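One structure below.
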Amino acid sequence: MKCIVGLGNIGKRFELTRHNIGFEVIDYILKKHNFSLDKQKFKGAYTIERLNGDKVLFIEPMTMMNLSGEAVGPLMDYYNVEVEDLIVLYDDLDLSQGQIRLRQKGSAGGHNGMKSIIKHLGTDQFKRIRIGVGRPTNGMSVPDYVLQKFSKEEMITMDKVIEHSAHAVEAFIESSRFDHVMNQYNGEVN
């Protein structure tokens, strides 16, 4: 079974913020396929669905971002999901808006949600999709920036990025060759 995790913070006030882009991609996929996160366990909202014949566990942690591993680790254990079948979607300050970067593995890169998942899984050897949100300009602090909603102009780009990221997730589900998925989806989204 594949496991797709989108990172974000729970609550209405965080919807459409930069830090919640992982949730936005999960929500896009669920809506597209008429699925919903209809179960809760281990601090996570989740569903198990069939997509293109494959069983898929979709998770949105119901913790704050920095505690995401408290939901992901126990749910993966409960459903016996192997770490090589996991992909995590999250915001990345080091990529400009409009870019996504798929990786086979890697460090948390300063992202506290990823730090928590790595801690709870005991490894950083899992796939991820880093979704560029850019860095703050005009002296805004990083916490204020990532918790700020996208502007209408930014959402024009981010809607394309969300769709592109969702296609990358679907390709991951269908393919046994993640290197091919990376080659197809890495880069600037137009």
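We number each residue from 1, going along the chain as drawn.
The backbone N, Cα and C atoms fix where each Cβ goes, and this holds for glycine too.
As written in Swiss-Prot, here are the features:
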- N9: site 'Discriminates between blocked and unblocked aminoacyl-tRNA' (SITE)
- F14, M64, N66, N112: tRNA binding site (BINDING)
- H19: active site, proton acceptor (ACT_SITE)
- D91: site 'Stabilizes the basic form of H active site to accept a proton' (SITE)
Taking the centroid of the Cβ atoms of F14, M64, N66, N112 (tRNA site), which other same-chain residues have Cβ within 8 Å of it? N9, H19, T63, M65, L67, S68, G113
Distance check, please: Cα of N66 (tRNA binding site) against Cα of D91 (site 'Stabilizes the basic form of H active site to accept a proton'), rounded to an integer number of angstrom. 13
Closest to N9 (site 'Discriminates between blocked and unblocked aminoacyl-tRNA'): which of the recorded positions H19, M64, N112, going by Cα position? M64
Measure the Cβ-based neighbour count of N9 (site 'Discriminates between blocked and unblocked aminoacyl-tRNA'), defined as the other Cβ atoms within 10 Å of its Cβ. 21
Just give me the nearest neighbour of D91 (site 'Stabilizes the basic form of H active site to accept a proton') among the recorded positions H19, M64, N112, Cα to Cα. H19
Looking only at DSSP and grouping its letters into three states, which state does N9 (site 'Discriminates between blocked and unblocked aminoacyl-tRNA') belong to? coil
Could you state the whole-number distance in Å separating the C-alpha atoms of H19 (active site, proton acceptor) and M64 (tRNA binding site)? 11
What's the number of neighbouring CB atoms sitting within 10 A of the CB on N66 (tRNA binding site)? 13
Write out the long-range same-chain contacts of N112 (tRNA binding site), meaning residues 6 or more apart in sequence whose Cβ is under 8 Å from its Cβ. M65, N66
